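Enquirer: Sharing a structure with you now.
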Amino acid sequence: LPSRRREASYARVWIPDPEEVWKSAELLKDYKPGDKVLQLRLEEGKDLEYCLDPKTKELPPLRNPDILVGENDLTALSYLHEPAVLHNLKVRFIDSKLIYTYCGIVLVAINPYEQLPIYGEDIINAYSGQNMGDMDPHIFAVAEEAYKQMARDERNQSIIVSGESGAGKTVSAKYAMRYFATVSGSASEANVEEKVLASNPIMESIGNAKTTRNDNSSRFGKYIEIGFDKRYRIIGANMRTYLLEKSRVVFQAEEERNYHIFYQLCASAALPEFKTLRLGNADYFHYTKQGGSPVIDGVDDAKEMVNTRQACTLLGISDSYQMGIFRILAGILHLGNVEFASRDSDSCTIPPKHDPLTIFCDLMGVEYEEMAHWLCHRKLATATETYIKPISKLHAINARDALAKHIYANLFNWIVDHVNKALHSTIKQHSFIGVLDIYGFETFEINSFEQFCINYANEKLQQQFNMHVFKLEQEEYMKEQIPWTLIDFYDNQPCINLIEAKMGILDLLDEECKMPKGSDDTWAQKLYNTHLNKCALFEKPRLSNKAFIIKHFADKVEYQCEGFLEKNKDTVYEEQIKVLKSSKFKLLPELFQDEEKVLSPTSATPSGRVPLSRTAVKPAKARPGQTSKEHKKTVGHQFRNSLHLLMETLNATTPHYVRCIKPNDFKFPFTFDEKRAVQQLRACGVLETIRISAAGFPSRWTYQEFFSRYRVLMKQRDVLGDRKQTCKNVLEKLILDKDKYQFGKTKIFFRAGQVAYLEKIRADKLRAACIRIQKTIRGWLMRKKYMRMRKAAITIQRYVRGYQARCYAKFLRRTRAAITIQKFHRMYVVRKRYQCMRDATIALQALLRGYMARNKYQMMLREHKSIIIQKHVRGWLARVHYRRTLKAIVYLQCCYRRMMAKRELKKLKIEARSVERYKKLHIGLENKIMQLQRKIDEQNKEYKSLLEKLNSLEITYSTETERLRSDVERLRMSEEEAKNATNRVLSLQEEIAKLRKELQQTQSEKKTIEEWADKYKHETEQLVSELKDQNTLLKTEKEELNRRIHDQAKEITEAMEKKLVEETKQLELDLNDERLRYQNLLNEFSRLEERYDDLKDEMNLMASIPKPGHKRTDSTHSSNESEYTFSSEITEAEDLPLRMEEPSEKKAPLDMSLFLKLQKRVTELEQEKQSLQDELDRKEEQALRAKAKEEERPPIRGAELEYESLKRQELESENKKLKNELNELQKALTETRSPEVTAPGAPAYRVLLDQLTSVSEELEVRKEEVLILRSQLVSQKEAIQPKDTMTDSTILLEDVQKMKDKGEIAQAYIGLKETNRLLESQLQSQKKSHENELESLRGEIQSLKEENNRQQQLLAQNLQLPPEARIEASLQHEITRLTNENLDLMEQLEKQDKTVRKLKKQLKVFAKKIGELEVGQMENISPGQIIDEPIRPVNIPRKEKDFQGMLEYKKEDEQKLVKNLILELKPRGVAVNLIPGLPAYILFMCVRHADYLNDDQKVRSLLTSTINGIKKVLKKRGDDFETVSFWLSNTCRFLHCLKQYSGEEGFMKHNTPRQNEHCLTNFDLAEYRQVLSDLAIQIYQQLVRVLENILQPMIVSGMLEHETIQGVSGVKPTGLRKRTSSIADEGTYTLDSIIRQLNSFHSVMCQHGMDPELIKQVVKQMFYIIGAVTLNNLLLRKDMCSWSKGMQIRYNVSQLEEWLRDKNLMNSGAKETLEPLIQAAQLLQVKKKTDEDAEAICSMCNALTTAQIVKVLNLYTPVNEFEERVLVSFIRTIQLRLRDRKDSPQLLMDAKHIFPVTFPFNPSSLALETIQIPASLGLGFISRV
């Protein structure tokens, strides 16, 4: 940038910041020259004052316009400086998730620390063949550019990958190598590319380790040369390695590991083969436990060991060598555990039988005592003597570690050597691409010899880089004829001279190493004395005398001198090496035998690798006897030499640079640390590239791009026809300072900042135009609104005023009416009130008076009635009282009397019953008895007197007694009744009490029941109400449920329908997948068939002289066998050994087809045999009939027998010969099954060819014999037969008339009989020969069947393969089964056909004999009658008057038919002048005639020749669309004809009765229909490939790059990597080009009569290709993802849809294939801010995958300042919403996908009999039937 410039108002600048390195700020006040302070406002809103540097007064760098931020190429930025570069990289990395960015010729790659889906096969295919600037930056783009330049410029290429540890160098190099391996393929079948990629796991295991910065850090540099042949296919590779870090073998820092291979060995220690190594856990060994981190997260060392061993095997390192390597590595581990015990300060010893050393010696095969001795001693040699000196413990440990490092370094060299041998190619290398994976600039707290060498190498690389950039700049300027001004750039040659020049640091170091008492301190002093204050790049630290500082191009680095000398010497004790060389283990001496041979064979020079503490190789050019001298060569010297060689290699190639950046030190994904990034950008030279570019004219535009972008700044009069002059005129007006730009031949060159200035002018112009447009539109809108409002206001006022007037009149009328109403209403109210009051008063008076009168009357009435009541009550009370008193008195009397009587009665009863009383009464009565006796006597007397009285009284008494008794009885009864009543009363009382109690209980129960009943009733009512409510609810719920059930049923129905539709779709998809798989198999089969044909052609060319047996016999020489069957037999036989070369999975279908064809051949031979048998039978019948008349002619019979014996001997010898040859063939085939046997030139192959040749020769001979016999037979028949011509018949008649004598007739008959016998004998010999031939062929078939069984076993084994392979195997098995069944059915059908033909032939024979007999008896018949006899045979149909739709041709004309109708036919003339599908109709009519004749061989021959002819013409002209379309149409029409006239009901529905008469009658050609269908599929796939090849160059240019709507988007500034111009030049394609091409395709297909459904499928495939290619390119091009480009795409798609509508193809499914592209275009145009927008996007973009949506949003780039970028938060929202979507993670669409094709049956309405054959076809030998 210029030192002084004026800041624009509100300009944005970058200011330094200690945390973020650079911060963005905006000017608040204009800058004026002389100002010392700038008023700024930061982005976070904080204001600050920025003080300018008083010395330089340099202003802060300006910020680029937002439209330029995020560019693919940093050189496209208008302001080129460090903050702009840093900001652009950060925006791309953080916001857009883009890790690659161009910086001129450099690809900057930032390690994302995350797996990204951008390295798949689809991405490789997308970048293949593309220009570097056309696609987004990618490592594949760099690799493609290198590959393209190698092929175009015939110059070797190099890709230099650099960066610090953990930046991703190794991964980038691996992806570049993978790209070359995928794109180029290999020149041989040895899969060299796989071997090249397989070298990575090996080198990573032995050369990579975990560090604090990287889990897989490469601890060596490597340069891999990938070799290519003249066709630019990989043939091999070479590897050179640099700076292996040997010190890591013996020491690891904290949190670091040793090389991976050691941990892989320890993880695999349990394997049986590793038991002898006696390994254990990594924590057991000293060399693997020092870092304290033996495990890497996510890495399985045991699994990695398996991968390493597999890679070794692939590269040809045998298992024995692998075990040897592992033994040496295990020995190194055990060596590290060897411990030393000090004897004194100068000597030490190893404990006896020390286990680690014992194991080490066992593994290495050396003596324990020798190794133990030399580990503790060393040999010193002086001029006079040699003596052994013990060493201290410290020196012993160092010597042990040095030995371990040396062993590992040599093993590393040995492995690299063998890897290179495996990758070495015998083919001459034409060119190569080198991939340099080397460390970047390093600076640590403590820097030693390793960092010094690394930084020295980077100085050299940076110098080469600067020179290359400078050279490219100069070439560009000179190419454009721009005045060249020397650009000042940093030249680091002084720094390189400081290091490598004479008396430089390396020279002084080597000199000090040669000193006997040289030390690091003395070396440091020499450095100070030599360079301090003499070289500006060399400094001494203030506080150290053992360090020095070098000013490198990237930064100052302080190096500690300690250890420099030791590392430079790299010494190891020679005695220890000698002990190892004497090892019994053969691999170990190999490492030390000749160390110069251990060097990598990748380079012609031996300095491929350099050993030092980070080195693995010691380059040695030593001759024998100079080994010790070469050992003294220092590491620094070797490294300097190897570096010079590397630079020579790089300078001889075209370099491509990849700079890997480590974004943070914590391995966080997509986290950007500005400080670390700036350090690396400074160190890797990216900023230097920027500085060189900025020093000149960094911005470069073509005139067309400039015109397109800045057309808005021009006036109409400024636009001229010459764009160049227009741009010059405009620039002179826009930029007054002519130094700010230069005009080149094709480009305009701008100084830094000028593009930003032009963008500002453009934006201002556009903004002013927008403001003017907005002003005008807003004024127009406001005027329209005002006029509309004014008109509306007037209308409203008119209506309101009328409404108000009407309302006022209404108000007056209502007021007057209201007054009148009020008057009458008030009068009415007052009168009504008065009437109410009067009536109420009268009513109250009446009521009151009545009430008082009624009360008085009631009172009087009550008094009167109360007196009467009192009177009666008082009387009634008195009477009641009296009666009650009387009754009580009587009752009391009765009760008393009753009581007294009861008492008396009771007393009497007691007295009467009491004996004791009597006893008491009678005590002392003995004295008184006497007295009583006297008294008794006296009383007796009295008694007597009284008795009389008593009698009288008794009578009275009896009466009284009776009366009393009756009373007593009555009383007793009353008493009983009373008792009973009392008892009853008591019981009743008890019952009453009980009942009362029960009543009370009942009442309480009743009460409770009533309460419960009330409660229950209440509850019931409540329940009823609740139930009613529930019922209503249930009703509503029922209705709701019914509705829901209805809805659910509807939904279920819909779901079922949807599911059914989905299942149908899924089944259709499965069907399509199956169809696609089948068609892919057909495609693969056709590819293999083509490959087979090519190999066969090559083999024929290589063959010296073709044998005569291979020549075809002309078809005119055979009537029993078609030419095709004979030639196909030989072809298929030749096919057998070639097909046996192919893999087993591809071999099965080919062998099956061969087997089928051989079966057909056998069938044909059987038919021939049967025909001969029929002929023989006929002759035998003739012979039997003539035998009775035979009498003489023995000499003739003898001659016949002699001829027969000769023929038999000849046939027997031929039969033996054939048997011997067949045995040889079987023996050759059964000896081995290896692929080499079947290879061309192998014994079995030669034997097979010889056998086939002999068979063909034998067949030729047999055919000739048959022809001779037939000619003899015909001649004899003609000699005898009298019906050929009129003249012959007349002569014969005369002869017959002359031969009236019976003897003469008998003699003639005998002659004829002898002739027949001769023919019979010849036929018998012919039969025997054919039987012999048949036996030999059966033997061959048996061997082929055995081969087929073997193939079936292989197929059965394939059933254990994965599902897809299993499906294919099952399909093949099913095809085999069906084919066998078809063959059986065909054999049965053929037998029936043979029977029919045999019967027909017998009929012919009988008819002929009858005719002959009739002729023989025609002595008295006139000649005229003989002439009237029919001449033709009976079975030939008469010629109909109407044509039957058949074409007749001779068998010998078949090849001519195929040639004229297929091979030499020009589609253009046929399509224009004749009916569509004419060749198909002609071929089918020929097939019909062969079917009519029942000639199966003719049908087969014609169909097979037709299929082969179509294949041949497609192979010859397969790139011509018209040819492929023509034959696809005719093949389909031929297939439809075979179906339409097959006789099957399903295909005859649309036929006319006449067409049904034309159906095939004798043959079922379903098998050939399948063959034709397969052929049609192959032609369709070939048509799609032709379409794709034609459309591919047009799609991106026409759909994306060309501006169909002019002026919508302008071209943004581009960087050094120029993309293809999007302006429509003469050579570029537009959308019109695509549409014209589509029209051409469509018209050609329509002219050829292609089925409409098939045209739809072709159009659908074309549109899919257009959509897929366009979308894939869009996803890989950031410059295409903008709003305006979305509009362009949608417009282009609408034009394609319009084309579909014009062609009536909207229902073809083509539009649906464009849906992903349409949605991508919509995604570019929709609003992308809010959550609603995110939801809309997710619902809209259902045809795009999540990866595609996120990719488009990440790539979205505004072209104008009016567009806004997509926020990162919005993209995160989209990802969250789409996380549950299950779609493919693949980013790109498969542009090579071909939809499965179907051929719907399309019958033809064309009548076959109406078809005329034009003379232009040259088919005059065909006649209509």
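Yeah, the Cβs are placed from backbone N, Cα and C, and that goes for glycine too.
A TrEMBL annotation is a machine prediction, not a hand-curated record.
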Enquirer: Choose the correct range: of 1019-1048, 1169-1198, which one does TrEMBL annotate as region 'Disordered'? Give that range.
Expert: 1169-1198
Enquirer: Between the binding-site residues Ser165, Thr170, where is the Cβ count within 10 Å the lowest?
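Expert: Relative to the other binding-site residues in Ser165, Thr170, Ser165 has the fewest Cβ atoms within 10 Å.
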Enquirer: Which chain neighbours of the ATP site, leaving out Gly163, Glu164, Ser165, Gly166, Ala167, Gly168, Lys169, Thr170, have a Cβ atom within 8 Å of the mean position of the site's Cβ atoms?
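Expert: In sequence order, the nearby non-listed residues are Asn111, Asn214, Ser217, Ser218, Gly440, Cys660, Lys662.
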Enquirer: Within its own chain, what residues at least 6 apart in sequence put their Cβ under 8 Å from the Cβ of Lys169 (ATP binding site), listed in sequence order?
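Expert: The list for Lys169 (ATP binding site) reads Val161, Ser162, Gly163, Ser218, Asp437, Ile438, Tyr439, Gly440, Cys660, given in order along the sequence.
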Enquirer: Provide the number of Cβ atoms within 10 Å of the Cβ of Gly163 (ATP binding site), excluding the reference atom itself.
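Expert: Around the Cβ of Gly163 (ATP binding site), 27 other Cβ atoms lie within 10 Å.
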Enquirer: Measure from the Cβ of Gly168 (ATP binding site) and count the other Cβ atoms within 10 Å, all protein chains considered.
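Expert: 23, counting other Cβ atoms within 10 Å of Gly168 (ATP binding site).
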Enquirer: Restricting to the same chain and to sequence separations of six or more, state which residues have a Cβ under 8 Å from that of Ala167 (ATP binding site).
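Expert: In sequence order, Ala109, Asn111, Gly440, Cys660, Ile661, Lys662, Gln680 meet the Cβ cut-off.
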Enquirer: Does Gly166 (ATP binding site) have same-chain partners at least 6 apart in sequence with Cβ under 8 Å from its own Cβ, and which are they?
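Expert: Within the chain, Gly166 (ATP binding site) has Cβ neighbours under 8 Å at Asn111, Thr211, Arg213, Asn214, Ser217, Lys662, Lys667.
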Enquirer: Over the domain 'Myosin N-terminal SH3-like' (8-60), work out the mean pLDDT and round it to an integer.
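Expert: Summing pLDDT over the domain 'Myosin N-terminal SH3-like' (8-60) and dividing by its length gives 82.
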Enquirer: Just to confirm: which same-chain residues, 6+ apart in sequence, have a Cβ under 8 Å from the Cβ of Glu164 (ATP binding site)?
Expert: Arg213, Tyr439, Gly440, Phe441, Glu442, Cys660, Lys662, Gln680, Ala683
Enquirer: Tell me the residue counts in helix, strand and coil for the domain 'Myosin N-terminal SH3-like' (8-60), as DSSP assigns them.
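Expert: Grouping H, G, I as helix and E, B as strand yields 0 helix, 24 strand, 29 coil.
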Enquirer: Count up the helix, strand and coil residues in the region 'Actin-binding' (643-665) according to DSSP, in that order.
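Expert: Secondary-structure composition of the region 'Actin-binding' (643-665): 9 helix, 8 strand, 6 coil.
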